[in-house]
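Notes to accompany the following structure.
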Amino acid sequence: MSDQELLRQTTPYPLPHPLRTVRFWLAPVVVTLAVLAGLSWLFFGSSLNPKKNFHNFPIAIVNEDTGSAKAGAKITDALKTKLEEGHKFDIRLLTPEEANHQFDTGKIYGALVIPPDFSDKLLGLLQTVSKPGEVTKPVITIETNPRASAMGAGIAESVLKKAMVDYNTKAGKKLTDAAAASGGEQLSAGAAWVLANPLDVRVEPRNELPDGTGLGLSSYFYTLMLLIGGVTGALVVSMLVEAMLGYSPAEFGPMYRLADRVRVSWFRTLLLKWMLVAVVSLFSSAVYLWVAKAFGMPVPHPWALWLFGVFIMLTVGVASTSFITALGTLGILTALFIFNFLGLPSTGATIPLEAEPKIFSWLANFEPMRQVFIGTRALLYFDGRLDAGLGRSLTVATIGLAIGLVFGAVLTWIYDRKGIHRIAAVPTPAPAATPAPESSSAEPAMAHTTSAGSAEAAPESSEGHGKHEAT
């Protein structure tokens, strides 16, 4: 006798058809809308207004000016005072050595470099502009860091250019007034233009990215593939292992096959899944590397990148498998949110974190995708330096792997210890009334009724799933 037939015979009131319940129609709509509303807030809220969200955007000033007029110091003070209003920018006054280190570790997006002879050349224009020959303007260099962030480098360039346009206008007015007050001969149109625009502002990318890096996005896409690979690998492994052990049907179109159930503990099942995830990680990382190189992506440290990919996918796969074990189908959605959905806006790969709302900078402190990204970026763009993010990435991944292993092992140990087995959740039927004893003459009728009931129940149970079983 099927469970449904048993419920019909023992329940004092008929069960409502699922299609006639409010929950059937409301639950999928509400849950889906909640998930999609959260995703829209994450993506639109993080990306639509970068100029309004500036906070502590790191830009350096390297002032090497040694002239007596101290024009470089005046520029530095004016820039620092203006740009740090409202904590929108973090203006760092660095030596050339300090600036080089922060460029090489992705700590700054750009720098304004003032040379040692800046003041002398600026004031010297008053004497040289009226003389024949080519006039040498004082040079100010804006260095950008596209390896840290292509958009961040563009923002730094735009901000510093605008600041230099303003200073160029003010300095030109002062030089023009000084030339007029000196009472010398009238300047030619060309000389007057030079005095009105005294600065030569140059933009130079520091360690410009080579071809094949997707304008600085190759590290982001590689990171995305590692996280997707870890979650997808865990999902596929869990699904196939459960099907082959007989705990879930293997379905294809209208057919399904339910294998004979294998008696195996929760912990042993999880160990089998982890072993398969490790094997998948080894080969998946190699495939990623091979495909990336086939399309021309520069890979300075291929072996290190392969090992890093294996470690990251193993960590994500182990944690995702533990989530699926703990929460079932809901564990898949949990893994996607933790490793993908929350990570995309808080990675800082497409839009710098300093140009997003502060909540995403807070998320980036522990969100897995951000930690994987800075490690991948260090291997691809910063010569695999530990202080460029690789060290932090490995540390956080190690902690994540330990948490995933301990969480999954403890949970399955508790399940096995308490004898919790995977069984179908069936509502407890109401106790049936005790039938009155019947005479022996009624036994043939009862046998006939039971046989008929079984005959009627058989086709009903075969139609209950709505699919043909593939043998």
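Just so it is clear, glycine is given a Cβ too, placed from its N, Cα and C backbone atoms.
Keep in mind that what you see is a predicted model, and the values were worked out from it rather than measured.
Features reported for this protein in TrEMBL:
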type	residues	note
COMPBIAS	435-461	compositional bias 'Low complexity'
COMPBIAS	462-471	compositional bias 'Basic and acidic residues'
DOMAIN	30-397	domain 'DUF3533'
REGION	429-471	region 'Disordered'
TRANSMEM	24-44	transmembrane segment
TRANSMEM	224-250	transmembrane segment
TRANSMEM	270-291	transmembrane segment
TRANSMEM	303-324	transmembrane segment
TRANSMEM	330-351	transmembrane segment
TRANSMEM	394-415	transmembrane segment
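Non-local neighbours of the transmembrane segment (224-250) in the same chain are 256-262, 264, 269, 272-273, 276-277, 280-281, 284-285, 288, 309, 312-318, 320-321, 324-325, 332, 335-336, 339-340, 343-344, 368-369, 372, 376, 422; each lies 6+ residues outside the stretch with a CB under 8 Å from one of its CB atoms. Sequence-remote contacts of a segment are chain residues at least 6 beyond its ends whose Cβ falls under 8 Å from one of its Cβ atoms, and for the transmembrane segment (303-324) they are 226-227, 229-231, 233-235, 237-238, 270, 273-274, 277-278, 280-282, 284-286, 288-289, 331-332, 334-335, 338-339, 368, 372, 375-376, 379-380, 384, 390, 393-394, 397, 400-401, 403-405, 407-408, 411. Listed as Cβ neighbours of the transmembrane segment (24-44) (distance under 8 Å, sequence separation of 6 or more from its ends, same chain) are residues 18, 333, 341-342, 344-345.
Mean pLDDT across the domain 'DUF3533' (30-397) comes to 91 in this model.
Counting residues 6+ beyond its ends, the transmembrane segment (394-415) has Cβ neighbours under 8 Å at 265-267, 269-270, 274, 308, 311-312, 314-316, 318-319, 321-322, 325-326, 366, 368, 371-372, 375 in the same chain. Through the fold, the transmembrane segment (270-291) approaches residues 222, 225-226, 229-230, 233-234, 236-238, 241, 299, 302, 305-307, 309-310, 313-314, 317-318, 321-322, 325, 405, 408-409, 412 of its own chain, all at least 6 residues removed from its boundaries and within a Cβ separation under 8 Å.
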